[in-house]
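J.: After the structure tokens below, expect a handful of questions from me.
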């Protein structure tokens, strides 16, 4: 009788263990991870992301101080608002790190659908600022769907192109058409830079996933044609390109922004004017706290400071690609490549614009430029990178192994 009772108790405990572990596995979210056992890539990425955000806040205080005093009566106005977005972004980063990648991959199609509807709403009820309708304004909240949709485009591109041979022709055509619709909706705003960024991201992910080069080449030609057509059809974009080619032709008009940016970088010299001592931020350089924030940094920290930023981006890119190499699953590997490309590529593009290497694009400097949408999108993207590395290491694998052992 005692033996029978003992057997029943053991069986009951096993059933409870099985149900608990099953429940935990089915939730697909918020998995406990021993944070002290992070692999090197995660430690480095975490440190670099933290430094990137601190650097962004440090530069934003200086770049926006004069504008804050003049327009809002508070030099810290912009950094106060940015800090609240940073707090929200940190929560989003943590959520991305603690949630399984499979959950985000499954959620991507629904997020893309929601983002597409918001892009359509932007064209209908969106607010027009500087000739472009990119924002939906609700009270003091400005929503920029084209910025928020970026990480989900990466996720869905990974879904489609890593399993291209397994997908039906109907599914392939549907999603490639859906990506095309997203790009066209963003072009309609008009926002060529973001449309080009998303198009290049999708193309690079398809290439990294091993898609046939002939198809990629044809797609690249079509994309180039659409981009040129958009520039020719939209006077706003054509003027930007012409002012980039010869900004001095209209120095007090369309070329003013680029000229002031170049003057800021040039006056910085080798070691800069010193933190807070920029002259160009005193009503000379427009939108200095967003698109041209790097010009203010270059003026205050000079050529050496600018080189250090490029070295930082190179190191971040190196760690990102090394992390992709560490990933054991193909989806995680391609996802890390896509996220790294977005963060580093957009940073390089922003710096190139401020330096006069590229026409004015309107792309923010990730985690540095003022703006909540860009900050949320960037931190979520960074969180996806970290999560991919965690899942590809032995950390999460050991957790599941222990659960299975307990059940058995």
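Residue positions begin at 1 at the first shown residue.
For all residues, glycine too, the Cβ spot is worked out from N, Cα and C.
This is the feature table in TrEMBL:
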type     : residues : note
TRANSMEM : 44-65    : transmembrane segment
TRANSMEM : 111-132  : transmembrane segment
TRANSMEM : 169-186  : transmembrane segment
TRANSMEM : 192-209  : transmembrane segment
TRANSMEM : 216-233  : transmembrane segment
TRANSMEM : 301-321  : transmembrane segment
TRANSMEM : 333-358  : transmembrane segment
TRANSMEM : 378-400  : transmembrane segment
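What's the neighbourhood like for each of these?
T.: If you look at the transmembrane segment (169-186), the same-chain residues 6 or more away from its ends with a CB under 8 A from one of its CBs are 112, 115-116, 119-120, 123, 146, 149, 153, 156-157, 160, 194-195, 198-199, 202, 226.
Using a Cβ-Cβ cut-off under 8 Å and counting only residues 6 or more beyond its ends in the same chain, the transmembrane segment (192-209) has close neighbours at 146-147, 149-150, 153-154, 157-158, 161-162, 164, 179, 182-184, 186, 216, 219-220, 223, 227, 230-231, 234, 237, 330, 334, 337-338, 341-342, 345-346, 349, 361-363.
Distant neighbours of the transmembrane segment (216-233): 183, 187, 190, 192, 195-196, 199, 203, 206-207, 241; these residues of the same chain sit at least 6 beyond its ends, with a Cβ under 8 Å from one of its Cβ atoms.
Sequence-distant contacts of the transmembrane segment (301-321), counting only residues of its own chain at least 6 positions beyond either end whose CB sits under 8 Å from a CB of the stretch, comprise 41, 44-45, 48, 51-52, 265, 268-273, 275, 294, 336-337, 339-340, 343-344, 347-348, 351, 385.
Here the transmembrane segment (333-358) has Cβ contacts under 8 Å with residues 101, 150-151, 154-155, 157-158, 161-162, 193, 197, 200-201, 204-205, 208-209, 244, 247, 258, 261-262, 265, 291-292, 294-295, 298, 306, 309-310, 313, 316-317, 320-321, 323-325, 327, 364-366, 369, 378, 381-382, 384-385, 388-389, 392 of the same chain, all six or more residues outside its ends.
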J.: Under an 8 Å Cβ to Cβ limit, what residues of the same chain, 6 or more beyond the ends of the transmembrane segment (44-65), are close to it?
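T.: The answer is 38, 75-79, 82-83, 86, 93, 275-276, 278, 281, 288-289, 293, 296-297, 300, 312, 315-316, 319-320, 323, 365-370, 379, 382, 385-386, 389.
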